[in-house]
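Per TrEMBL, the features are as follows:
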{"type": "TRANSMEM", "residues": "6-24", "note": "transmembrane segment"}
{"type": "TRANSMEM", "residues": "77-96", "note": "transmembrane segment"}
{"type": "TRANSMEM", "residues": "117-136", "note": "transmembrane segment"}
{"type": "TRANSMEM", "residues": "142-159", "note": "transmembrane segment"}
{"type": "TRANSMEM", "residues": "171-190", "note": "transmembrane segment"}
{"type": "TRANSMEM", "residues": "196-217", "note": "transmembrane segment"}
{"type": "TRANSMEM", "residues": "229-247", "note": "transmembrane segment"}
Amino acid sequence: MENSLVSSLFPIGLAALHVVVGKLHWLDRILPKERWISLGAGVSIAYIFLDILPELGKAQVEIEHLKWSFIEFLEKHSYILALVGLVLFYGLELLAARSREANKSAGKSDSTSVGIFWVHIGAFALYNALIGELLSHTETRGFLPTLLLGITLALHFLINDRSLREHHKAPYDRIGRWVLAGALILGWVIGQSFQLLPGAIALLWALVAGGMILNVLKEELPDTQESCFFTFSMSAGIYAVLLLAVSL
């Protein structure tokens, strides 16, 4: 019951974070921005190596049990799906960066074009919906693993929002954040309404893993001028210990 309640509250809390994160300027008074980035980086990197990558190994086993002919070629290559997610999000990041550069060169605002905004937000909405769907299946993880997942995603979304706001400026605050929040809740509702096969859940997890890895490497491993190695290493080490402890 306790874990069921936590699993239900996390999607709501994470969606609310998307909505209000632009107003959380007081966080910078508690901890400088570069330390927040390094903290999120350390936590996310620890989670990737100690949870996501092992989950991909499990996903491969689940995929082997699927009988869908169109994915038979993936039976021994679940990591291909993670690679697809990584490549897609890298391409989206390049599109957004080049759109901003083109607008600046044309004497316009330092933000993306309307078309790129919708492509970028649409992709992240799908990403959030997949995460929401996966959150609907966390009851079997146990209370502490679910709690650690929620903390990881909160820090991950916090920094993703910062990047999206930098790319899109006012349109993100006006529309984008609401789309992402709604997509997360929608994904969770779909996950609660329809029971997917374990192999199908594994496919979704592999795609999300690729996107998360790219977003961490792109945004949460900051430039040396905007990083704090002590915060990064300490957060990675402490979170790694916590993840190992709850897996025993």
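Backbone N, Cα and C define each Cβ position, glycine as well.
Worth saying up front: this structure is predicted, and the values here are computed from it rather than measured.
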* With the transmembrane segment (196-217) as the reference, find which of 6-24, 117-136, 142-159, 229-247 contributes the most Cβ pairs under 8 Å. => 117-136
* the transmembrane segment (117-136) and the transmembrane segment (6-24) contact flag, 3+ Cβ pairs under 8 angstroms -> yes
* **Cβ-Cβ under 8 Å with the transmembrane segment (142-159): same-chain residues at least 6 beyond its ends** => 2-3, 6-7, 10, 13-14, 17-18, 21, 36-37, 39-40, 43-44, 47, 51, 131, 135, 212, 215-216, 219-220, 239, 242-243, 246-247
* Sequence-remote contacts (6 or more beyond its ends) of the transmembrane segment (171-190), Cβ cut-off under 8 Å? -> 11-12, 14-16, 18-19, 21-22, 111, 114, 117, 121, 124-126, 128-136, 161, 164-165
